[in-house]
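Pulled from TrEMBL:
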- 3-152: domain 'Xaa-Pro dipeptidase N-terminal' (DOMAIN)
- 163-419: domain 'Peptidase M24' (DOMAIN)
- 241, 252, 413: Mn(2+) 2 binding site (BINDING)
- 252, 332, 377, 413: Mn(2+) 1 binding site (BINDING)
Ligand code: GLY
Ligand code: MN
Ligand code: MN
């Protein structure tokens, strides 16, 4: 059996279980359609419903839908507009077509006519802001229990999903090297961003998220995506958090570079080492929350070693100082979405883990299991807004912190596939290694 055949069999089995558990016999998964800007007729880039692309690598066919009845072959209503304004979407022959009954439609009335009374017995999953979808008579719209069930099990990736994630990482790693070279050549943030896109022949809307391309102080702005058009007089440091997609699956990679040897280059190496040490602690049964705390202690040790904060790693962590320098979560599930869903789900009935107010931005609280894929992305930055709370703390060495401020900060981010007994796969480092081979 091919990996795709095994994947769609798994998806089908997961839908069977989810539908049975939530008392539905069928589901209509709508791909969605682009929204237009207010008082305008310009569409935003189309982002397909993730639960649609879970079934099929069809990401650019708005108004399509998958109708699935438990135990039956899924039916794909593939929307192909009869439209002389736009280029038709070409669907190349591919293996997935053997696994669905394909019905090409040019109007959604053809879907409702074919489904007839079956529509009112189906659960609907998708966006329904536009007609005629908004007025369809359905059994339920986006039932939370059905979605929770699907989201819980999506955390374990199939081999086909891993293949796609590997390619997404290879694409992103290749573009990262082009961006690094543009930084070393003294280019502006916008030029670096363009070098990234050009390297992999991507348009911006194909990226899984807005790339973070920050020179110097901008590295400390966690979601910096402003892109200065002029290069600074001196490019001291470069933080890039940028991904790529392949068949709807996402890569999410961060690297930080120093222009010169010295204190900041040493800090990048220290954070990189701390991240790699943490990677060795990942194994089934460990709580992701514990990994987050463990990474905090390693960042706290760096804060101490580099003289930013005085004290032991434990006291730096316990007093909340490490949270001022490393304010975000250790990482998140990744797959069909950059921030893949289900990180707080305790089970497939929708119960959730309580979030710890001490770590409000941590998106993943589940125990680590073989087959999960998540990012590990520690950081260390000078975020003045967060340091204000510690303005009077005698443990903080403000002169030393002032030395770091012009460099922004460091983040290193890889995506990890959890294997048995800590035998994990690092999608990101493997992708870089393949390029250097
Ligand atoms: N690029 C967004 C993140 O790392 O979560
Ligand atoms: Mn991430
Ligand atoms: Mn990222």
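Glycine residues also receive a Cβ, built from the backbone N, Cα and C atoms like all the rest.
Less than 6 Å separates the Cβ from ligand 3 in the case of 252, 413, drawn from the binding-site residues 252, 332, 413 in sequence order. Among the binding-site residues listed (241, 252, 377), 252, 377 have a CB atom closer than 6 Å to some atom of ligand 2, in sequence order.
Calculated from their C-alpha atoms, the gap between residue 413 (Mn(2+) 2 binding site) and residue 332 (Mn(2+) 1 binding site) amounts to 11 Å. The least crowded of the binding-site residues 241, 377, judged by other CB atoms within 10 A of its own CB, is 377. Secondary structure of the domain 'Xaa-Pro dipeptidase N-terminal' (3-152), assigned with DSSP and counted as helix (H, G, I), strand (E, B) and coil, comes to 54 helix, 27 strand, 69 coil. The number of other Cβ atoms within 10 Å of the Cβ belonging to residue 413 (Mn(2+) 2 binding site), over all protein chains shown, comes to 20. A count of other CB atoms within 10 A of each Cβ picks out 252 as the most crowded of the binding-site residues 252, 332.
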